[in-house]
């Protein structure tokens, strides 16, 4: 009995290990050395398999994120990462003390920004630590390379954490599948490709790590694990504003456990230690400050903390008394007083304004229509829109239907850990439905729960296969989970299908999983690997054409303008201008001051003379606009213009949106509204465009992004002059003329 | 109604007292420490009510250090209590070491936060 599994396993072990390292094992085999001759026991073979699979998954998670580095170059993508890069550069050059107390006068002119107190330092400190470690080891890399590759590195680490988490919830087979699924899941890749140097790259690792440590603490009841989870929570708070999810999910989980009667002493130890130490550590981050005791979003944790004290105190008294009648009396007195005190405190706190209500960012998650009516800046970001089904399918594919299957398995075997993952999955899926960006937070839960479904199903199927002593190879299945199932001697009579059915289903499972892998790689390659700052298109002959206009413009700014020049542009480009152009900007992506942004929006939407007054009052030297009419680039300022009008109009009622529309339509051609045809944004975008022929067969002045011929071709600028237009007309820079002399 | 509640309260008090005297001595020491820590927290809150809460970080660190060490002591008591079946594999030395470690971290953070 013991002989056959040993003989079967080495074959599957060598089969699976041979596939990716084919040449190596054939070399070994040719030298008459095989795994079989190592005479490993089953446990050691399992360990070898697991370690091999984990190593492969680790490497896979890293390399699948490198598409853009291979296609373009190692550069930072998008907008926000440029700010993170600039701050990391500052940290490595000036040291931590300067970084922590940094006041930046190069953005939000003339207000400046207290960077030290308004950022989440986790990402920058992590990258700086990696950089300094490499320097100590005498690897002289540039900090930019470290920044570009931080996110893939942490994605690999996330797969490891997913393995341990899966092992904690279900078993090591589920852990392996979870690690493999999350390594390539597009929902996670979208924010963690190489070059996407943003908070989420590190934050998802911190999130999953904190959850794993907390579940481990609840399972073991050890103070050491709770301390570790408090540190995990501290890392999460330092990395991302989404830590609010943790500080609300964990109290909710504790509440659910209390209500369903599954509480135990371990829960008390785990939650209390984590809450107190986690809260104290979190308050060390200046940006978070005292929010843990003052903000409405964190009150749930405090409420559950006090509830736990009361609950366990009552439990202890009940245990001491051993007499129900007396206990009832005690219960009456205590509960009424506790509830009264609690409600009074909460009421006084909220009414007096001491406990601040939920901020708009998080309130719009509970009430999705809130942002559109009250906070246009939040509503204007495309990532904050509600999610369409196609996005779910695009980002998850087969995980979408494996998720309910996994929920079924979790409900079949309810433990503290599975209750947690079910709650995490359901709440994160709700929020993912409200906002596209939050698919990222749901991805680890979906991968873990789907992994449970995959692992449990394949385990059942292979048990059917291995039921008879004549063992059929089930080495096709992914993750090697079959090799870990011990061969059960008896066939479970309740299985509705025989061996052939099991083989067919295993083939089906393998087919689905391979389709998932293909889809993920395709999505990564096509959709999520574009740097956004460099655009690519196919030329007429199928060759690749690269538009590097953004960097061309920023470097023109850097080299051809006075060092103290101020640049006005829409807030999207602020971070990039400061990081690459090294010039002071008026507004940037931090969007902390709505009135300032509205001022810029008002300037862009006004006639040239009114705009000139605003620009002179802000000391603006140069204006930068992004224009896609020549290349057909659709994310340009004319397409964003209505948001400028809305945001400007939200603060200055003189800007009215209907003035720019014709019968509710937004047009730039001859039939456009007169205010639209003469506003500053229109003039700056289409200056000299009327003479340009963009497409064969179309009249001059044909806007390829909007697909119409523009209305006002004869544009004259009185207060600005054109300073620079990039080679494909994507970025246009204008110089503000000084005021005329008065005679 | 009030009389029966009053009577109830007295009998409650007596039975609690008699049940409590039966607890082992090491647990009573921990309970004394918890009572001390909580009373320290209450004194600090009363002081804050009198003189105002500036600087807030100092007030928070003071209160949270008292509450934190009280909570950690309660966790220690839970882990050391022989009646808790879940922790019978945990040696009291390990529980005490965890308690010391958590208190160390707590007080280091408090020192940073005191300002």
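Any Cβ shown, glycine's included, is placed from N, Cα and C.
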Residues flagged as transmembrane segment in TrEMBL, choosing from A:26-46, A:47-67, A:68-88: A:47-67
Candidate ranges A:90-108, A:299-317 [criterion: TrEMBL lists as transmembrane segment]: A:299-317
Confidence summary for the domain 'Oligosaccharyl transferase STT3 N-terminal' (A:51-449), mean pLDDT rounded: 90
Composition by DSSP (helix, strand, coil) of residues within the domain 'STT3/PglB/AglB core' (A:566-623): 33 helix, 8 strand, 17 coil
